[in-house]
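Going by TrEMBL, these are the annotated features:
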- C19, C42, C45, C51: [4Fe-4S] cluster binding site (BINDING)
- 18-75: domain '4Fe-4S Wbl-type' (DOMAIN)
Amino acid sequence: MHIDTIIPADLDWQAQALCAQTGADFFFPEPGSSVREAKRICGMCEMRPACLEYALQNDERFGVWGGLSEKERLELRRTTH
Ligand code: SF4
């Protein structure tokens, strides 16, 4: 069996995620600490649209996804639904 047959297609983007190379620490900061560094990395990440879409669809509550903090995603969800 090829390894890629067991990775769901909609998770392919994670293999190219910039944060996978930098480590998760920036993306799940302690409450109240800065998300600026995570957002800076997201800004250079080609997978950003797929990442944000995934986070919204899966209702990811914690951390920075697709360049948005959990609070910003909540606001986005409120204004688009
Ligand atoms: S947009 Fe940000 S959180 Fe999403 S995959 Fe890229 S670097 Fe990671």
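Each residue, glycine too, has its Cβ placed from N, Cα and C.
Shown on the structure are the features that TrEMBL records.
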residue	record	Cβ neighbours (10 Å)
C19	[4Fe-4S] cluster binding site	20
C42	[4Fe-4S] cluster binding site	23
C45	[4Fe-4S] cluster binding site	20
C51	[4Fe-4S] cluster binding site	23
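Summarised by DSSP class, the composition of the domain '4Fe-4S Wbl-type' (18-75) is 32 helix, 2 strand, 24 coil. Within 8 Å of the centroid of the Cβ atoms of C19, C42, C45, C51, where the record puts [4Fe-4S] cluster, the same chain has further Cβ atoms from A17, L18, F27, A38, I41, M47, R48, V64, W65, G66, G67.
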